[in-house]
């Protein structure tokens, strides 16, 4: 109460921020007459002027008023569109590394041009991030004329582009693209084998559209580049036949309750668990099928894989529904985004879940994958020097933006007052009663000539509602993942009088629903439209537009509350854009997912006290409050999950940064021979220490073991025992120096044979391949560690601290293995001696004075195989083409001279 009163007197933090923004906008507005008087050439010259001022040391932010005034004036001339003051405020917020909450229809696409232009002046590149390829392409094409007028280039980064197209897109001043594509390009760049293969420049400024969708909804989903692992499709099919034999046990309030079921389902945590009875039953079944030994336990280390398959099959059959969580198309299981209702082609669930669902649906089972590289959106976007975002609904997640990304949220006022009527929720006892009420509401709105947008939370629900409307004879359009291709066309005409559109969640987000329909879409559908046709279309649209405005605007119907209040607000936000009239209402039932899982007891109690009858709805602030509290609980739980994910991923992220930084240095270095020499000395020191301990008596030395190790790991046969026998004063340090000296000499000889440049390139190639192989294995080890780390809590240990400690140990081991394997491969390479016949042939064909043969492909193969070799095992050397010729042997040409005095001179 006191806080509210205090805020009312001095204003909230947001109010004070908006007040400060208005002062800067005033400065920009004062420049408008001056910039309006400039000729096109003079206005365009401003870009060059700004860049010169930056080069002379002027701060970027000091250019803001003039740069924004330039963009506003250019927009007036190119698009005949003038940035509103609230859009100017939005641009300032975005330049200040903050999140701008701008309501639907306030012109976020035009707003983005302001900070994009200003930050592109630095020449470091601006990335404008959208949620799908359609929006990226649309926004890039729309903004290109404006930026071209100002002398800037615009690129578009889409999936499926060639390497050259991507390089060209990233080389532009401003690049539009999707969050997925930017993230995957980053990972691919860090798997490149040459600096010129990379496409991205250093990450400077990212402006994220629909920032809540990208940084919050998708934060739990890591981007993963993977390769195929072992095939276990038959096992998935077999285990899937087990699940129908299992009986579900209903959870009871009493912890002592012991049911007879085989498994329980926790819908909140999206997990299924075997009961004690279930474990006994599953063990017996697996033994019957010959998948487990008679004396084996399901929980023994040897059977962890089987348990993993059983858990995946159980979750697939009890928690994941077709046309809700995924669709099956062309014998492929495609995930449906729970937040947008869009399909996510190419994405797969991990931990065998996707394969279990494929087995359940009888679809082709793809191999499990091994992670080659991964990163979460949380960590990818934190790599940018500057990060900002915009959305219509950020305030409910302001705390998370601040905590995770360090981004403040600024809620901007609308250009015109909001007049949408958000009516209270209506709650029914059953789903059938709810749908009956929705149909009646739709009939009323259609009769009033009002367009209706019905939001559902799944494809299944959208098709159920569509079937009911079809039976009732109500014409409508369905917009869900199955009709993704028609998305833009359906949304464009969703504002026509009496139009009824059913959409899953926020499908169609990013495209405004214009009251009366989109006249632009009608014109675009015509080939070479005449001026008369355009005038007719606009005239007819105006009549429809006025009719819809008069009847009350777009009516929004929510068929269920989403887990997040923000998603509900996004649905409501489709109506009432730019001061248009509109209304919204949510219809709920006690059988809805959210109500059943989180709010059922409290609301059910209220409804029973009120004596609800069939078909009767309850509309009361208490009910709305209870539902909102349920949503807050879910939001809090999801925030904890995301925060927990980040805390664990931060450990891997620190390691990722080190590896990628070292990898990039490798790519950009022409010569790493000094690094290799240091590594070689370090590795040899460690190896020698294992057999000749520092400051130890010679009786404890294992000379035979050292000779064997040097032979197998470094391909050098050194008679160390003979050295000691010949010189009894040869102490430890001298032995060490002599071993290293011999190996260095051997390596120098290889360099003579192979050539300096070739060996330098090969060293780099071996280092990169070995690093990539070990990093891949390290990621698998980290994933394995992560999956079981929570069990440390039972031993009264902090799982996060244990994870950090063990992850560091794994990382240290990986770095040591890297040194060991690189040195071993480089020491074991065999360079082919010259083939005399080939030399003679070459000499006859040309005047070339020198020929060397070097099998690069064979050496590459050795580098790849090294990761699989086991310590102590000898590796076959390269096979030489032809017999080796000693320098004192007779020359094969038949001259009778020694080889070294004849064709051997060519060496």
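Using N, Cα and C of the backbone, Cβ positions are placed for all residues, glycine too.
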Site-mate of 105, 106, 107, 108, 109, 512 for ATP in Swiss-Prot, selected among 87, 124, 493, 533: 87
ATP binding residues 87, 105, 106, 107, 108, 109, 512: largest Cα-Cα distance, in Å and rounded to whole number: 17
Tertiary neighbours of residue 109 (ATP binding site) (same chain, Cβ under 8 Å, six or more apart): 139, 142, 143, 209
Candidate with sparsest Cβ neighbourhood (10 Å radius) among 106, 512, the listed binding-site residues: 512
For residue 108 (ATP binding site): intrachain residues, at least 6 apart, with Cβ closer than 8 Å: 90, 100, 102, 209, 390, 392
DSSP three-state assignment (helix, strand or coil) for residue 109 (ATP binding site): helix
Where residue 87 (ATP binding site) falls in three-state DSSP terms: helix
C-beta crowding around residue 105 (ATP binding site), within 10 angstroms: 21
Residue among the binding-site residues 87, 107 whose Cβ has the most other Cβ atoms within 10 Å: 87
Sorted by sequence, non-87, 105, 106, 107, 108, 109, 512 residues with Cβ within 8 Å of centre, ATP: 102, 104, 110, 111
